[in-house]
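In what follows, a structure is listed as C-alpha cells, so that the remarks can point back to it.
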Amino acid sequence: MNFRNCQSSVWLCSSTMADEANEVTEFLKAPNDKKDAKRELPTSDTQCGFGIFKGPRIQRWATEHMFMVLFGIAGCFIGMAFSYFNGTITTLEKRYKIPTKTSGIITVGNDISTTLSCAFLGYYAGRGHRPKYVALGLLILAIFCLLMASPHFIYGAGEDAIKLTHEYLNTSVFNATQEDPTLCQSRLPDCVQSASEWAPIILLFVAQFISGIGCSLFYTLGLSYMDDNSTKSKSPAMLSWSAFLRMLGPAFGYSLASVCLRFYIDPQLKPLITNEDSRWLGAWWLGWIILTIIMLISAFFLYLFPKELPSAQVRRLKANGVDTGVHSVTELSLADMMQSVKRLAKNKVYVYNNIASILYFFGYTPYWIFTPKYIETQYQQSASTATMATGTVALAFSAAGVLLSGYVISKYKPSARAMAAWNGIVDISTVIGILCYVFIGCADSDKATSMSPSTPDSCTASCHCEYVHYAPICSPDNVTYISACHAGCNSKLKDELGRLIYTGCKCIGTLDIANATEYQYARQGPCPVDCYKQFLIFLGVMCLLKFIGASGRTANLLLALRCVSSEDKSFALGLGNVIASIVSFIPSPILFGWILDSYCVVWGKTCGSKGNCWLYDTKSLRYTINLLAAAFIFAGSFWNIGVWYHAKDLQIFDTEPEEAKHKKNSQQFELNELSPSEVK
C-alpha cells in the first residue's frame with residue numbers, strides 16, 4: 001500500500017512540474033512583496049471548497065494540520081465501522097442463521113477487494129484530485145454502512161424474535177386453535193424453506209467487498225496526500241497523530257455495539273426475555289444508521305480540501321530545480337519492480353520479519369474477530385457485555401502499549417537486535433497467555449453444554465423435534481434442555497407470576513418413579529450459570545496480552561523500515577501488506593470459523609441448511625482454538641531468532657548528525673574560551 005502511495009506522489013509531482021515551469025520561473029524572480037501576494041491568491045489547484053462552500057473564510061482552513069485532524073477523525077469512524085461489525089457478528093448469525101464459517105467468509109470480503117483494488121486505484125486515482133478521491137472512498141463506505149443495515153429493513157426483525165415478545169404472547173401463544181411448535185408434536189411438522197435464506201448473506205458480503213474499495217481510496221491516497229503536503233520534519237509526527245486518532249475507532253465501535261445491542265431488535269416491541277438470555281437479539285442495525293450519517297459528514301469536509309495545499313505549493317515552487325531524489329515516472333517500470341522483488345527476497349531480515357509477522361497474524365486474527373463470540377459462549381455473558389469488554393477495556397491497554405513503547409524507543413534508542421529480541425519476547429509472552437486461556441474455563445458452562453440432550457431419546461422418540469427452534473427450558477434438577485419438545489413436554493401453563501411452565505415432560509424426573517408426575521415440569525429459559533469470576537480472570541489476562549502485544553508494534557515497524565534501502569522502502573511495506581492479507585487475514589477467519597462450527601452441539605436447523613449454532617462444546621472448543629493459535633504464534637517466534645541474528649549490523653537511528661552536532665558545539669565552546677589575541 002505504501003508503495004502505491006509513493007507511486008501516486010511521483011505521478012502527481014511529475015505531471016504538475018511541466019505545466020507550472022513558467023510560473024515557477026516568474027515566482028523565483030519576483031520581489032518578496034509579489035511573492036506574498038502570490039501566496040494570498042490561491043490557484044485552481046490550491047482553491048479550497050466548491051460551489052457556495054468556498055471563499056476566504058474556508059480557504060484559511062486549508063492547512064496540513066487541519067487535514068491531519070479531519071483525516072484522523074474520519075479514520076477513527078472507519079475503525080468504528082469494522083469493529084462494530086465484529087461486535088455484532090453473533091447477533092447477525094442468530095438472526096439470519098449463519099454458520100461461523102460463513103461469517104468468516106463475509107468478514108474477509110474487504111480484505112479481498114483491498115488486495116485486488118489497491119494497486120489500480122493508487123496508480124490511476126493518485127494522479128488526480130486526491131482529497132476528492134478520499135471523499136469518494138468515504139462515500140463508498142457510507143454506502144457500505146447503509147447496505148449492512150438494509151437486511152433489517154428488507155426482512156424485518158424475524159419470526160424468532162417476534163415470538164419472544166409480549167405482543168406475540170397475547171395474540172398467539174395461548175390461542176387454542178394454534179399448536180405450539182416448541183411442544184412435543186404428534187406428527188412431523190411441515191418444513192417450509194425460506195426463499196431468502198441466502199439473500200442476506202450475499203448482501204452482507206457485497207457490502208464488505210465494496211468497503212475494501214473505499215478503504216483503498218481513503219488510506220492509499222489520504223496518507224500520500226498528507227505526506228506530500230507536509231514538511232519532512234513534521235510528516236512522521238503528523239502520521240503518528242493521525243494513526244493515534246484512528247486507534248480510537250475500535251474502542252468507540254465496540255462501545256457503540258454494546259449500547260445498540262442493549263435495545264431489542266424491534267424497539268417497538270416488548271420482549272419477554274432480558275439481554276442476558278442467549279436468545280436475545282439486539283438492535284444490531286441501529287449503529288449502521290449512525291455510522292452512515294457520520295461517514296457522509298466526513299466525506300463532505302474532506303471534499304473541501306484543494307488538490308494541493310497552499311503551503312505545500314510554496315515549498316515546491318521554492319525547491320524547483322533542486323534534486324529531491326524523486327525519479328521520473330518513466331523509470332517506474334515492471335523491470336524495476338522485479339529488481340526490487342529480487343533484492344527483498346535476498347534480504348534475510350526482511351524475509352524473516354515478514355514470516356514471523358504473518359504467523360503471528362494468522363494465530364491472533366481469531367481473537368481480533370471472534371473475541372466477543374468467545375466470551376459469550378465460554379462465560380455465558382450477554383452480547384452487550386462481551387463487546388464492551390473487548391472494545392473499551394481491552395483496546396485501552398493496546399493504546400497504552402503503543403504509546404509507552406514509542407516513548408521508550410524514542411528516549412533510549414535501543415539497537416536493532418534489542419528490538420528483535422523484544423519481538424521474540426512478545427511472541428513467547430503471547431503464547432503463554434493463550435495457553436492460560438485453555439485453563440480459564442467455566443465448569444458450569446462446560447457442564448451445561450455437555451448435559452443438554454441433543455439427540456433423540458426414548459422419551460422423545462415420538463415427538464418429532466428435528467426442526468424445533470432453540471427455546472431452552474430448565475428442569476428442577478438444574479438441567480437445561482434445548483426446547484420443551486426435547487424434554488418431552490406436551491402442555492404448558494402460566495404460574496402466578498405470569499411465567500411459562502411446561503408440564504408433562506417425559507424426560508424429566510423419570511428416575512423418581514413414585515413421584516414422576518410431580519417433577520415432570522420445567523420453567524422457560526436456560527438454567528442460571530455463574531461464570532462471572534472466570535470472565536474477570538480471562539479479561540485480566542486478555543488486557544495484559546493486548547498491552548504486551550501492542551508494545552511490539554513500533555519495534556516491528558522500525559525493523560521493517562530500516563532493513564531495506566530507501567528506494568525499496570515503500571514497495572517493501574506494500575508487498576508485505578499484500579502477502580499478509582493473502583496468507584493470513586483472508587484464510588485465518590475462514591479456518592477458525594470452520595473450527596467453531598465443528599464443535600457445535602445444537603444447530604438452528606432449517607429445511608435448507610443447518611443454520612446458526614446455538615450451543616457449543618465449550619471445553620473442546622477452548623482447547624482446540626487456543627492451542628492451534630498458540631502453535632502458529634510459537635512458530636513465528638523462531639523466525640524472530642533469525643531476525644535477531646541477521647540484524648546485528650542494522651542501524652535503526654541515525655546517530656551521525658547528533659555526533660556531528662556535539663562535535664561542532666564542543667569546537668564552538670573551545671573557541672569561546674580563547675582570548676581575542678589567541679583567536680587572531
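Yeah, the Cβs are placed from backbone N, Cα and C, and that goes for glycine too.
TrEMBL: automatically predicted annotations, no manual curation.
The domain 'Kazal-like' annotation in TrEMBL covers 453-509.
What TrEMBL records for 659-680 is region 'Disordered'.
Positions annotated as transmembrane segment by TrEMBL: 66-85 (among others).
What TrEMBL lists as transmembrane segment is 105-126 (among others).
The transmembrane segment annotation in TrEMBL covers 133-155 (among others).
What TrEMBL lists as transmembrane segment is 198-222 (among others).
What TrEMBL records for 243-265 (among others) is transmembrane segment.
Per TrEMBL, transmembrane segment is recorded for 285-305 (among others).
Sequence annotations record features per position, and here TrEMBL assigns transmembrane segment to 349-369 (among others).
Summarising the annotation, TrEMBL assigns transmembrane segment to 389-409 (among others). Beyond its flanks by at least six residues, the transmembrane segment (389-409) meets 83, 86-87, 240, 244, 247-248, 250-255, 257-258, 371-372, 375, 381, 419, 535, 539, 542-544, 546-555, 558 of its own chain at Cβ-Cβ distances under 8 Å.
Per TrEMBL, the feature transmembrane segment maps to 421-440 (among others).
The transmembrane segment annotation in TrEMBL covers 535-559 (among others).
Outside the transmembrane segment (571-596) by six or more residues, the chain places 1-6, 99-105, 107-108, 111-112, 114-115, 118, 337, 340-341, 344, 350, 354, 357-359, 361-363, 365-366, 369-370, 373, 560-561, 564, 613, 616, 621, 624-625, 628-629 with a CB less than 8 A from a CB of the stretch. Taken from TrEMBL, the feature transmembrane segment applies to 571-596 (among others).
Distant neighbours of the transmembrane segment (623-645): 348-349, 352-353, 355-360, 362-364, 366-367, 374, 417, 420-421, 423-424, 427-428, 430-431, 434-435, 437-438, 559, 592, 595-596, 599; these residues of the same chain sit at least 6 beyond its ends, with a Cβ under 8 Å from one of its Cβ atoms. Residues or ranges marked as transmembrane segment in TrEMBL: 623-645 (among others).
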- Message: If I count Cβ-Cβ pairs under 8 A between the transmembrane segment (66-85) and each of 133-155, 285-305, 349-369, 421-440, which range comes out on top?
- Response: 285-305
- Item | Touch test for the transmembrane segment (349-369) and the transmembrane segment (535-559), at least 3 Cβ pairs under 8 Å | yes
- Which of 243-265, 285-305, 421-440, 535-559 contacts the transmembrane segment (133-155) most, counting Cβ pairs under 8 Å: 285-305
- Average model confidence [pLDDT] within the domain 'Kazal-like' (453-509): 79
